Amino acid sequence: MIQTKDDFFALVNEIQSSAYYKEPLAFGIARVDRGQKNPEKILQATFPFINWKENYGSAAIFQKALHETGKLLNDESEAVYDVTKNFVAEALSYCNPWIEEAIGDAHKNVQVIKYLSTLDEEELANFKIVFLFEDAAPKSVEAVYLKLYALSTGKAALRSVNLNGAFGILHNVAWSGTTPIELDWLRENELELKMSGQYPVIDSVDKFPRFLQHIIPADNTRILDAAKVRMGAQLAAGTTVMPGASYINFNAGTLGPVMVEGRISSSAVVGKGSDVGGGASILGVLSGTSGNPISIGENCLLGANSVTGIPLGNGCIVDAGIAVLEGTKFFMSEADYEKIKEANPEWNAEYKEFFKGRELAGLSGLHFRQDSTSGQMKVFRSNKEVKLNEELH
């Protein structure tokens, strides 16, 4: 058993110099929910704590414990192993110098091992240790969840994680609270469950759980309807998600205090101080943006029921009810062209009366409007300040 912190650091150095050690991108220990009909099917992985480009000492200790219990790390991009009694005992013996300090926010990996040491072998069967060695497309449910946690906890930036194929890996299940239930099992047991009064309350049927089933938001973040935010979304402190027409998909979210009353689709990112009005839609990479992810800058206003399909810079306004798409043509006066060019000195487009939406992508200080008499779509230099109510954020 390791007795001192110096002994611990010496052991870590020794492990990291060994042939079996692989430095991970991310790792963690998860409790898994298994299929009711097929226990080999993993429906969900819950991580009490994840490590993302950090805590390499714990990674070394865990890998040594795996090595000592006969597990060999492969050359794949990820590795998932059962947590056994022997693994826990080995890992705990290496963590001895930190055990008394492992409370509160200190030494979360040690806290996880301490908790696991209180479980028997049958209980440990529902725990997995997961390593990601590179940001490749995930191959397991556990790896998908580890990446979703990285996004939702803010340890990985939005759009920085490879989630290719994740939707196909996750199983479509019925969610009752935090419990996933196989649909086949429900069908096979429907009669008995209903006759006995034990049929569960089904909140949703989806491959992704809700954000709040796994993540504790910042104190000044408000989510008024748990169904409106999917796991894998990222909400910066101060974000408010109202009920009704709001929705935030996975790998999408906010970078600061934002009022969300509309839809932020997959891979869309909204800057601080912006307001996504009631029913407004920011298109995702699969819904009309030619695969280009959309960023909305700071202090923008997307009016109620508007549609935004191009990236916007700071201080932009999209009036209620209009669609700003890549191919939409907007009239611009020569005077407004000069003002917009002054606000965006890097923009080197020559003046013309009509610009397509894609030609205006990423510019700041734009105001999109539809003429109420002619129906003509127009864009001009915004002269309004968008400012959120500080009391609400």
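Residue 1 is the first one shown; counting continues down the chain.
The backbone N, Cα and C atoms fix where each Cβ goes, glycine too.
Under the DSSP three-state reduction, E261 (active site, acyl-anhydride intermediate) is assigned to coil, being neither helix nor strand. Long-range Cβ proximity for E261 (active site, acyl-anhydride intermediate), meaning a same-chain Cβ under 8 A and a gap of 6 or more residues, is found for M242, G244, A245, S246, D275, V276, G277, G278, G279, A280, A304. The active site, acyl-anhydride intermediate annotation in Swiss-Prot covers E261 and rests on sequence analysis.
If you look up Swiss-Prot, you'll see R263, G278, S281, A304, D319, A320, G327, K356, R369, Q370, D371, S372 marked as succinyl-CoA binding site, on the strength of sequence analysis. Under the three-state DSSP scheme, R369 (succinyl-CoA binding site) falls in the strand class. Note: R369 (succinyl-CoA binding site) has non-local neighbours D319, I322, M377, K378, V379, F380, i.e. same-chain residues 6+ apart with C-beta under 8 A of its own C-beta.
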When the binding-site residues D319, D371 are compared by other Cβ atoms within 10 Å, fewest goes to D371
Around the Cβ of R263 (succinyl-CoA binding site), the count of other Cβ atoms that are within 10 Å: 22
Simplified to three states, DSSP reports D319 (succinyl-CoA binding site) as coil
In all the protein chains shown, the tally of other Cβ atoms within 10 Å of the Cβ of S281 (succinyl-CoA binding site) is 22
Cβ-Cβ under 8 Å from G327 (succinyl-CoA binding site), same chain, 6 or more residues apart: which ones? K356, G357, R358
Given the succinyl-CoA binding site residues R263, G278, S281, A304, D319, A320, G327, K356, R369, Q370, D371, S372 in the record, what is the largest Cα to Cα distance, rounded to whole Å? 26
